[in-house]
């Protein structure tokens, strides 16, 4: 049997981390078994579904490189198929037309709730022989079995049982002729030959209804696995108040897709004590029986740690392709300065996100208007004039410009003036970067370049001279 899974989001908003984890688990399960992964857009909610949301879902899936083998399928393009199946069910007696008014249904609901009963349709039209005009408004309901129970072996939670007496005859076609969500899902899973349905635990109550419809259609019943919810670090359901929840927001905040995938796969699944997983290792080791049935707590600090790891562990050339987007957001012209891959090597240890890296690299490519106020006050004092003049001249004398030669020039200046490296290094750092912090000074000056470094040292000397004149 060929394994076939699906990810079926509703395009009413962005792709959130809970949906992304479900997609990842479905994708991994299919890949682990050499199967296929289907993308299906469940857009039957015509009022809330938007093209922008569909695009956001696609963007998130593509950014995470969760490629699909079939689709995307759109439920709104399959209405003829759904209605054909409903008409067949009406002929076979597994569905029936219901003419009950909204007023009657509301009164029934209030009466049941007053008695402490679970609100449900009472089946009035199920056995009715009243004649109705062809154009009289009605819905179509599924004739749910009235005896026995539905039992399914959830691959994460174990056996789950529902009594059919708890399930009412759900509506499968509305008065406007449109099929409902629970019915469309069933026909889609049947037609697309889905073998394993991996989805959130909020769908558990839909499962017995969907199984009963599948059995009525004499269709195969897939295997179900319901993943627990994701909570914030306060134990409450993850929401916007906990920070970013959109996959693309994490991209915007400077996270690598490898970091988010690694974090999400471990958010409810484990393989021994291993924390870092390549995509290939995820595929190799992933099993549903290792997925926890308990809710998981989202920990941003852990994700940040993983992101920092991947910034330094992945090839700099690859990280640079993701950094490029953030550089563009900052409007930095990188034509005059180090290659982005070299920048990743320079700033990788200091920066935990690519956004932070982009926001802290401008001085490598563009001249700054002024020195940081605290740094210039502390380090661009008259006492720094001589060290800057000497190191400038030594840098100017270098004919070959590797970082080690820059280091020798700085060290030689300190030796000549008989001062500590800090007396030379700190004024030089402020002079060439405009700030009091940077990566190692020799590689920083090397990356900025000889001409630009000397120009900036001269600018710092002019600043010191002005400061001396004002005293």
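Here the Cβ of each residue, glycine as well, is placed from N, Cα and C on the backbone.
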Motif ''KMSKS' region' range according to Swiss-Prot, out of 237-241, 242-246, 247-251:
237-241
Give me the sequence-ordered set of same-chain residues, not including 98, 100, 125, 127, with a C-beta within 8 angstroms of the centroid of the Zn(2+) site's C-beta atoms.
96, 97, 99, 121, 123, 124, 126, 128, 141
Nonlocal residues around residue 98 (Zn(2+) binding site), in sequence order (Cβ under 8 Å, 6 or more apart):
121, 124, 125, 138, 139, 140, 141, 169, 171
Applying a 10 Å Cβ distance cut-off over all chains shown, what neighbour count does residue 127 (Zn(2+) binding site) have?
8
Helix, strand, coil residue numbers for the motif ''HIGH' region' (9-19) per DSSP?
3 helix, 1 strand, 7 coil
Under 8 Å between C-beta atoms and at least six apart in sequence, can you list the same-chain neighbours of residue 100 (Zn(2+) binding site), or say none if there are none?
121, 124, 125
Inside 10 Å of the Cβ of residue 125 (Zn(2+) binding site), count up the other Cβ atoms and send me the figure.
18
